[in-house]
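Chemist: Annotations for this protein, taken from TrEMBL, read as follows:
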REGION    B:1-26  region 'Disordered'
COMPBIAS  B:1-16  compositional bias 'Basic and acidic residues'
TRANSMEM  B:47-67  transmembrane segment
DOMAIN    B:73-635  domain 'CstA N-terminal'
TRANSMEM  B:201-225  transmembrane segment
TRANSMEM  B:262-284  transmembrane segment
TRANSMEM  B:296-317  transmembrane segment
TRANSMEM  B:324-341  transmembrane segment
TRANSMEM  B:361-382  transmembrane segment
TRANSMEM  B:403-426  transmembrane segment
TRANSMEM  B:509-530  transmembrane segment
TRANSMEM  B:551-573  transmembrane segment
TRANSMEM  B:585-610  transmembrane segment
TRANSMEM  B:617-641  transmembrane segment
TRANSMEM  B:689-709  transmembrane segment
Amino acid sequence: MAAGEQALGRVRAGWQGFVWYVKAVLGEDAYQVYLDHHRRVHPGTEPMSEREFWRDKMDRQDRNPQGRCC
Amino acid sequence: MSEERPAERGPAHSRSDVLVQDPNLPPVAVDPGTLAAEERRWPPAKIALWVAIALLGGVAWSMIALVRGETINAIWFVFAAVCTYLIAYRFYSKLIENKITRPNDLRATPAEYKADGKDYHATDRRVLYGHHFAAIAGAGPLVGPVLAAQMGYLPGTLWIIFGVILAGAVQDYLVLFFSMRRGGRSLGQMAREELGVIGGTAALIATLTIMIIIVAILALVVVNALGESPWGVFSVAMTIPIALFMGVYLRFLRPGKVSEVSLIGFVLLIAAIVAGGLIAETSWGQALFTLDRTTIAWGIIIYGFIAAVLPVWLLLAPRDYLSTFMKIGTIVMLAVAIVLVRPEINVPAMSEFAGRADGPVVPGTLFPFLFVTIACGALSGFHALISSGTTPKMVHKERQTRFIGYGGMLMESFVAVMALVAALSIDRGIYFAMNSSAAATGGTVEGAVAFVNSLGLTGVNLTPEMLTSLAANVGEESVVSRTGGAPTLAVGLAQIMQGLIGGLGMMGFWYHFAIMFEALFILTAVDAGTRVARFMLQDTIGNFIPQFKDVSWRPGVWICTAIMVAGWGYILILGVTDPLGGINTFFPLFGIANQLLAAIALAVCMAIVAKQGTFKYLWVVAVPLTFAAVITITASILKIFSPDPRVGYWANNFAYRDALARGETSFGPSPDVASMEAVVRNTTVQGTLSIVFVVLTIIVILMAAIATIKSWRSGGGRSAEEPAVVSRTYAPAGLIPSPAEKELEDRWNALPVDHPHLHLFHRSH
């Protein structure tokens, strides 16, 4: 019984790790990264909202295009 | 070369030697002595592991290179590649780390000292590896190896695997490291710093021209895959509304839900492929979506312009998510399928065309043309732009650059090996029928059968039924003269996958799935390439007319986009209408351009290594640079001066000109005067580009050689590195932490989040 639970726990941890990895590679954690940074460096000031952040991110990409390889 | 110079411990290094970290934090670097001791320790289990890897690799290589059976199993390619990569990564890249880059984890990376929470932020090494890989891998490693398969399996396999460990991965690693030490500066900026104004300008012009040619040839690959294919046209066209929907979803409905929208996009994409199959069977679907190649080329040109001026959020960003999702998924799928299906390959190790110049797929002898046909996957100059772009701004710790730069390129090389295996697994007769130009086959089944059987290839006996039944299985009107590599790879992948899932009935789906994902990469590359080239052009024109530097000034954006699109669009149209084929005549330019960029990147790296005073190990850069220079220059010289009209652009040009002057109305495969004039025009463009490329290469390499000799005379030079800043963070270097790294990582993880010294650095600015 305990062994089964342990195995289940491992599967769950593996799945969570996989989801974390896919999201991070796709860049979904960008807002969280920004928030963490903002709280550390500019404590007490209001960070951008999630919507504002993504708009700003896209606008920055517009101004500074990045290559994709062949 | 002489002994290492004293300047090796010049100002830049002594400065970092005296870096003192915050004593209130755990160590920010594993003690170098402990690391060295760990590496020197060889317990029996470790020895046994590496002996096993070496033995397995050795057996695999002997199966590939020495054993001459009727067939060879694809699994040996996988073993040979993986074992060689592991050994090269463990030993050769370690040598580069110890002798050339000498990373110092006491130093903060730009991601730490320039942290802004946006472009500059320390990223988990495994995540950054995925990021970097997704940015460097595209259609290139999938196309080149397929075309090079005409020479047999051995030359391509050897070059992909040994080219990457000695050249491609070295370039990627060094550019990433040097850019990181320079605050994430771009290759162009580093070229100007290291090679001076002339070298820097030549590098800039070369990069712009290369962008144009690379986008044009990639677009040509898509056009050739979609021509007269209603199924392909429908499903690839559907990617545009799907991406637009995803863009709107992310902008207005659920901002930031990237993986959710990618999953929705993926499901829609699969639906589009399935629907494409149904629609292609209806008469209205066939009437609506059967387009000839010229129409599709114009479609891509118009699309390219609109996509490059539209805001990023609407089209580029969502398609990029989709393409990353598909890229990693499909590559894993292909690897698993090859290991499970283990197809038999009955292509000779060295084919009849390895020693001849008249190969129907791409002309030219093995040396130098194999090395320009397979660019991405072995050595790709384009990667230098990525390695000096976003990645260096996200590296957490200096020692991780080996895993990300060198290791990331090994993965791309593995993709190239799998593409080669997939192309080799299809029947040789079918391979040549698909990849010989319509000028040779006449574009008909009968013509293709007659042509391929006339080549006199051993063991090849092509019948019309083989071609018609394959076409029926993959849901295409015809598979004859589907040049460009993508359709061949799609057939290979479909054959492997149908053995695993779905059988023959699913073959059409798998074929179009492969076409779709290649088209997706290429359309992203077309859009992003146009944007980057436009940005460079705006910057250059801005030196004379300042208003052009303003990237939000719409007329400037439109004019520069139009110029770049006109550049690649012109070459694309020439390629599509080329009476001699298109891919076979233009593809060498793609490879030459890419290797030229590699030569530029390696030249910059050589100048930097010389400035450091590391002359004893200069060969690590000098050898791949010399090789890249020799193949690019030899290939260009042959393309310019070869008297053989199949190889030399100008020889062909003069032959056609003379024929026109004599008043002939047909010549070679050209049936009329208009077609003859087209050949004259195309060979003029190709020949001129070859001259431009070779001149630029020679200038850049000369400048690098001068800079290197200067450094050698003075025992080194002033480094352009940014001043060292002490680090306040820690993470292990490789995929799996060593015991000492693990222990230190645990100490850091045990710190409370609000530890007063943890974020001092960030508050100080």
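Note: Cβ is positioned from N, Cα and C throughout, glycine not excepted.
In TrEMBL, annotation is done automatically, which means it is predicted and not curated.
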Chemist: Check the transmembrane segment (B:551-573) against the transmembrane segment (B:201-225) for contact, please; criterion is three or more CB pairs under 8 Å, pairs 6 or more apart in sequence.
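Modeler: Contact between the transmembrane segment (B:201-225) and the transmembrane segment (B:551-573): present, because at least 3 Cβ pairs are under 8 Å.
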Chemist: I need to check the long-range neighbours of the transmembrane segment (B:262-284): which residues 6 or more away from its ends have a CB within less than 8 Å of a CB in the stretch?
Modeler: 229-232, 234-235, 238-239, 242-243, 245-246, 249, 318, 321-322, 324-326, 475, 508-509, 512-513, 516
Chemist: List, by number or range, the same-chain residues at least 6 past the transmembrane segment (B:403-426) whose CB is under 8 A from its CB atoms?
Modeler: 74, 77-78, 81-82, 85, 88-89, 93, 96, 125, 128-129, 132-133, 136-137, 141-146, 148-149, 153, 156-157, 160-161, 163-165, 168-177, 331, 334-335, 338, 343-345, 347, 374, 376-378, 380, 383, 387, 391, 395, 485, 488-489, 491-493, 495-496, 733-735
Chemist: Mind checking which residues of the chain, 6+ beyond the ends of the transmembrane segment (B:296-317), have their Cβ under 8 Å from one of its Cβ atoms?
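Modeler: Residues 215, 219-220, 222-223, 226-227, 233, 240, 243-244, 247-248, 250-251, 523-524, 526-528, 530-531, 534, 557-558, 561-562, 564-565, 568-569, 572-573, 576.
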Chemist: Counting only residues 6 or more past its boundaries, what in the same chain has a CB within less than 8 Å of a CB in the transmembrane segment (B:361-382)?
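Modeler: Same-chain contacts beyond the flanks: 136, 138, 140-141, 143-145, 147-151, 155-156, 159-160, 163-164, 167-168, 171, 210, 214, 353-355, 412-413, 415-417, 419, 432, 435-436, 483, 583-584, 587-588, 590-592, 594-601, 624, 627-628, 630-632, 634-635, 638, 646-647.
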Chemist: State, in range form, which of B:201-225, B:509-530, B:585-610, B:617-641 has the highest count of Cβ pairs under 8 Å to the transmembrane segment (B:324-341).
Modeler: B:509-530
